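Colleague: Handing you a structure now.
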Amino acid sequence: MSTFEKIKTVYVSSAINSTPNCLDWGVNGLVIYGSCNAIHLYDPQITNECDGQIISSFVAHTKRVNSVKWVQNIDNCCQQDFVSCSTDNTAILWEDILLTGSYKAYERLIGHSDVVTINDAIRLANQTLIIVTAAGDCTVKVWIKHKNENTSQCVQTIDFDSILCLSLKITLLPNTNCLLLACGLSNSKIQLYMNDFSNGDSVFVPSHYLIGHEDWVRSLDFISEGNLGNLLLASGSQDSVIRLWRFTMEESYNTCKSNKELDDTLKLESKTFNVTKQDGSDCSYVIQSETVISGHDGWIYGVHWKPNFCTEKKMELLSVSMDKTLAVWAYDENSGLWVDLIRLGEVGGNTLGFYGGKFSPDGNSILAQGHNGSFHLWTKNNNGSWTPGVTIGGHFGSVEDITWDPEGKYIVSVSSDQTSRIHAQWLKSKPVENVHSCNWHEMARPQVHGYNMSSVAMLSSLSFVSSAEEKVIRAFQAPYNFLENMSQLSKINFDSVDITKCPLGASVPSLGLSNKAVSEDDCKNNTNQPKKKDYPEHYFIPLSLNQPPTEEDLIQNTLWPEIQKLYGHVYEVYCLASSSNHKWLASAAKATSLELASIIIWNTDNFQLVQKLESHNLTVTQLAFSPDSKNLLSVSRDRTWSLFEYDVNTNLFIIKSKSDKHTGIHTRIIWCCAWTHDSIYFATGSRDGKLVIWGQNDQSVDSKITYCAKTNPLIVSEKSFTAVAFAPTLISECKKTYFLAVGADCGSISLYKWSLEEKSVTPWLKIADLINEFGHHLTVKRIKFQPLLCKTDSRYREGVLQMASCGADMMVRIYDIFLKDFL
């Protein structure tokens, strides 16, 4: 059995990059999108009982992915390849050689001297692959890979001097062997290029400029009009206007022109070019401005034609705009105008509109990307209306910290995107088997803040505290509406508390950062008040959910009320930790001196400051209470760790042990620490690539050094350890074997078994490395094992541990680890 059959990824949460063209929906029904430096393969599963999820991740770029595109196949077969481009100045061709859905970086296209911003690709009937890329160096490059060749060749570089190419689209002219390339430019023009591959020519020749837009041309898309040989080009621009350009064979054009009984007072300029048809005869195409669609109030970032092979033959055009709306346009024969059939979106809150959108292969669904990395899915009903659907989501900034609910039922994550988010399972009962099918989803966004978040700690199943780049620690309480929906969606039982006493929900007042509690009476009063047109209040609306909330509801209707602010630190709070008995909260802030680096202990019953612990000279990077709540461990930038013990007589924490330059072993910043589940040992991980497990030193003469290293340090060259966690149980009782996970700055997560009972062999045994698509590709920020569930819980599976991790790559991951397979 392979390692990855023993370890299964059950959840990946990650937003899409805030760049246009970073999303594509292929005829194979799968969606690809760029997220940080990775590319995720997302299966929406719209027609199935199961909801969609990310099924694979691919990592090869070293910087942000800017654009992804499935390769167009002339015969409209299911795409097997895609192309991505990145800020690392390269594009990559990905191929599924074994046809198993496992894509590999087949070839890296190197040639641009600046950020590659957009790409497109087409595969001809003779299997010749043409890839076109545009970059910030004001050039467009054409790459060709022939059927029997292993590599692509750059056959042409089009230099636009100081003009940027912002959009690209390549297509095959109907009934010809001629390729047509359209480039949307920053001079408001569309440059057309022609190439007749039947003559063996691989160079695109400039044809015509299309002039009409008054600002940057951001998006382009072609569609062929039936079997007439005609072609329509849609272009969207920052001038908030969509223009349609018609390419018509000259004989068809003359026929249509003679049949029109219209006033020719307004004559539209037309342009002509000659091509060779597939039968070898010559023909001419006429280019004419078809119409101008003006219906958006903001920049248009995307236009997309409904796929040609849909059952409905009526042409429809999707447009997405920064005015927070999407529109589907169709030609109305009665009025002779293009009218909007439906408008979607109107996202509430302080979002900034849409960056792109795509039709599904059957044209009955639309997936759009928001400016802040969110996904929005709508599906068409039988009556023609569109309803929001369940889709994926995630943070659009580095995920700084995660924590499990004390009972292991959900996860809270915080990020530099200034939000905290709750992830939980959506449990659905299948009517036939009467069993639960489940996927993890984002269920709430309890805090939408004005500062980058830094840490989070649970106080109970109904409350947590968070810190951000501010001096204040904020405490939140779960509202009644959230608990009600979690009971419905995740089958979580909150019988231990009277949830009716909780506030109904929360809202954020204008220009405020604090979530205010909302009661049922407040909701009624708000409904009766007149709405402000200029500056509307985005007020809480109670939800009764039968599926995970949409992005619109997450940002407005799933907030938690803030119940307390904790003041005590002089500088920004950096890390938090809470005790297992829910009695203590420890916090530390950024610091450069002994006094500023002090750790504050808070009483969670009344949120009063209990004491300040002084030990470190620089910022404390992580805090950890022992599972028995008797000890507090801290690690710092000053390369030392400190251990504080709770004194029951004074009801205070006192220093018990502290490392120094002679006993500390670490020579660089200590980033992380963790306790074993039995509170006997703790581990520290450092930038120097050393992971050390410490335990009680019974032979110590010095009373200040009561803990010492129990084994030789684990040293991994060129790796900086940034996260560590122990499993909440022994994996071998007889040999007293611990199970731990270690995260590094390169994004890898290593799983180890550790035991002092193994005298004949090394106490360390590496059992798995989660790297690349199986792990993170940037710094692992935190690893947390799920607390052991009660065996009466329907989700409990003996011998299976769940591990959550987060990283600077915007990802939250959850793994199932089958321990019995490692014994």
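Any Cβ shown, glycine's included, is placed from N, Cα and C.
Here's the feature list from TrEMBL:
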type   : residues : note
REPEAT : 210-255  : repeat 'WD'
REPEAT : 392-422  : repeat 'WD'
REPEAT : 613-654  : repeat 'WD'
REPEAT : 663-694  : repeat 'WD'
Colleague: With DSSP helix as H/G/I and strand as E/B, how many residues of the repeat 'WD' (613-654) fall in helix, strand and coil?
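Modeller: Computed counts for the repeat 'WD' (613-654) are 0 helix, 23 strand, 19 coil.
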Colleague: Quick one: average pLDDT across the repeat 'WD' (663-694), no decimals.
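Modeller: When the pLDDT values over the repeat 'WD' (663-694) are averaged, the result is 93.
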Colleague: Can you work out which residues elsewhere in the same chain, 6+ from the ends of the repeat 'WD' (392-422), have a Cβ less than 8 Å from its Cβ atoms?
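Modeller: For the repeat 'WD' (392-422), the nonlocal Cβ contacts are 13-18, 35, 42, 52-54, 372-375, 441-458, 460-461, 464, 466, 468, 486, 490, 492, 551, 554, 558, 580, 582, 778, 781-782, 784-790, 802, 804-812, 814.
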Colleague: Using DSSP, tally how many residues of the repeat 'WD' (392-422) sit in helix, strand and coil.
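Modeller: Going through the repeat 'WD' (392-422) residue by residue, I get 0 helix, 16 strand, 15 coil.
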Colleague: Could you give the number of helix, strand and coil residues in the repeat 'WD' (663-694) as assigned by DSSP?
Modeller: 0 helix, 16 strand, 16 coil
